[in-house]
Each structure stands twice: as structure tokens, then as C-alpha cells.
């Protein structure tokens, strides 16, 4: 995979020309739709930007279309909870696309408290020739109307309209960390630190609580929910991860309140590796079902793990993302970096996995060849047709010319949010306030 990934080129990068990064511009989520033709990003300023893939050029039929801005809208505004005297941030925590049912597209976006359903439609025609209205829409003087005409549709410049269809509020006491659309295309779930709710997409005033781990006495609280996702094919199954590093697979057919899991996936801790930071670094920051539905991918602070749904005792694969940080956990704890929540992603065939790291690095692991590569998303590599070169972090004194010392890593540059096109080798990488989109130089599989 190393050699093949070597030849990946940048497709497009969307760079905001700021000499400084404003907090509102920091990208907080990235998500392809089910066809990969649209890509949505959310930021800390509550905005959603949708990119659309351009059609392939007739002059170069084998060249891939690039992604251009399709629509931008303000999804959430800052609010204030007067009962609790708390500010509610406008930051977009998650975006999830709904499967397309007609010409329009729909997506869910959420901040800490409120989930919204948006409809995206196109208009390239407008009616003309009204009998009682003029071109500006004003009513005509009826005495001047002497004939009856049939209104016609005339072409116009393409207009993309985004409208809010539903607002799902008051469902969560704690901060929402994830949303997931069910395969039945009628329901979705939202999870906060202690509860998971099931919603119907057409009903906004009530939801069903399907998981509640809040203890009677909050002093007895030992773990929180960190992420959740529906199974891609079985609408009754979902998984949620915890800050203790465990995964619980639940079946909604068993009970209305899924307090008792169907399966518990947990890796026994090695006593020799026990330290003050063990529990913090074992917290699962993201969980993703494979496209096949057979496996689950989880990310904790130092590793990504692949779990087989049929084997609860331990993961079938473990990949070290940045093991060289193990000796620096103390300083990472002091700077709060140890609490960073990295996401992970599968490629379309479930054969390669991807996750982010520090210094604007991101990692890819080929499950078949067991090869891995470290790549960098940077302004230097953002020129069209630029080739990404593998990077290497060294720990000891000896290092090659292009190696980077672990002591020179920039921990303010972190890639937390990544997404992979559902069918092709196209990836989206959010690096602070910049979005990078990379694709294969040739239309071939990575491995």
C-alpha cells in the first residue's frame, strides 16, 4: 500500500486565506452522502458548507471531477439556556445524510442540544406569463387584462435552496455527541453522554429513550457514552461505545429500553501496561460499522481496532496510530491534548482504514497487506496534481533526512475529522480551518 498510496495526488483543497485561524472557521465534521457526489462540512460557527462533484470532462473522460462549493447556509445560532444559565454553542457536532428518495437531498445536522433536518433542492426554471401579476409579482390593474394566457416555465440560472424541514429539540439534557440514521430510512438516533434517543424523522415533539446509563446518584457515575451508530443493514441493531473502552451491541427487539446489551466487546487490560493514563487513552472516541456490517472499527487515543461482531473477547486487528506518543502522555495530559477525539473511516471495500493524528498527519492501514502509511495534509502539498509523500516520525537519535522528530510535532495541528467516499478512493480531511480532498492519481484500488 505504501508505494500505491505514494502516488496519490491532491484533487482540491479549500483554504481560507487567514493569517490567523478564527475559532468559528474550524471544521468540526465532514460527511459524504451515500453516492459520494456531495460532501458536507460543519464548523464551529454553526455553518454547513456543501460541495458537489463536478461531472467528468468530455475532453478527458477518465479524469475525476473536482468538488466545488454547492451551497452554504447557517444551520445553528448560539443560544442561551436560561434555566441552567448556560450558553449553547452553535458548533456543528455531526452531519448525517439521509438516503435520497427523490430529486431533493436531505441531511441532519446537530449542535449540543438541537437536531435539524434540512432539505436541499435545485431550481433552474421559473414561471412567466401570469395573467394577474406582472414580472415583479405585483398585481396588475384588472382593467388592463384583455386576454387570457397560459403561464410557461422559462430557464433561469441554477439556484440551490436550503430549507429547514424539522427541528428536533428538547430531547437531551447533556451534550449530543453523535447521530445515526437507521437503515429503515424512517428513524434515527441521537446520543449524549448518558442517554440515547430514538426519533422518527416525521415527529419532532417526542422521542423514545432506548439507552439510559445515568445512575441514581451521579457520584456513582463511572463511564459515559462517547459514540453510537446503527447497523447498516439490520434496523434493530445498534452499537454504542464508552469512555471505558467497551462497545455494547444492542437489539431493540429484546426490550424497549436497551439497558441490557446483546453483546459486550471489551479487550482485557494488560496489567504490565497499567498507568495513570490507562483509562483516559482507552476511551473510544469513534465507532463505525463496516459497509458489510460484519465488523466494527473503533478509535482510542493511540490505536484503531477492528472488531468482528462474532467475537467479543478481543479485537481481531489492532493498529498503532502514533505509539511514539506513549512516552509523552504526561505533557499531553497537561495540555489537554490527551482528551482529543479522533475519528476513523473505512474505505468502500472495507479493506483500508483511515484515521487522523497530530502535525496534520493522517494514517492509513491496509488490512490485507498489513502495510501502513503516514501522509500529511498541508498547504505545501495543496497545489493541483501535487503528489503526497509518505512521512515518518522518529523517536531515537538516528533519523533520515526527511524524518520528523517526535519532539518537533505540532500538537495544535490535528486531524480529528476524516471521511472516505463510499465507492471510490477519494478522501476528505479536515485540518483546522482547511478542507483537503485527495484522490488516486490513477483509477485503481489502493492495494
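FYI, residue positions are counted from 1 along the chain as it appears here.
The backbone N, Cα and C atoms fix where each Cβ goes, glycine too.
Copied over from Swiss-Prot:
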REPEAT    22-61  repeat 'WD 1'
REPEAT    87-128  repeat 'WD 2'
REPEAT    171-209  repeat 'WD 3'
REPEAT    220-260  repeat 'WD 4'
REPEAT    279-317  repeat 'WD 5'
REPEAT    334-375  repeat 'WD 6'
REPEAT    410-446  repeat 'WD 7'
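Ranked by number of Cβ pairs under 8 Å to the repeat 'WD 7' (410-446), the listed stretches 22-61, 220-260, 279-317 are led by 22-61. Each residue in the repeat 'WD 6' (334-375) has a pLDDT score, and their mean in this model is 96. Broken down by DSSP into helix, strand and coil, the repeat 'WD 6' (334-375) contains 4 helix, 19 strand, 19 coil.
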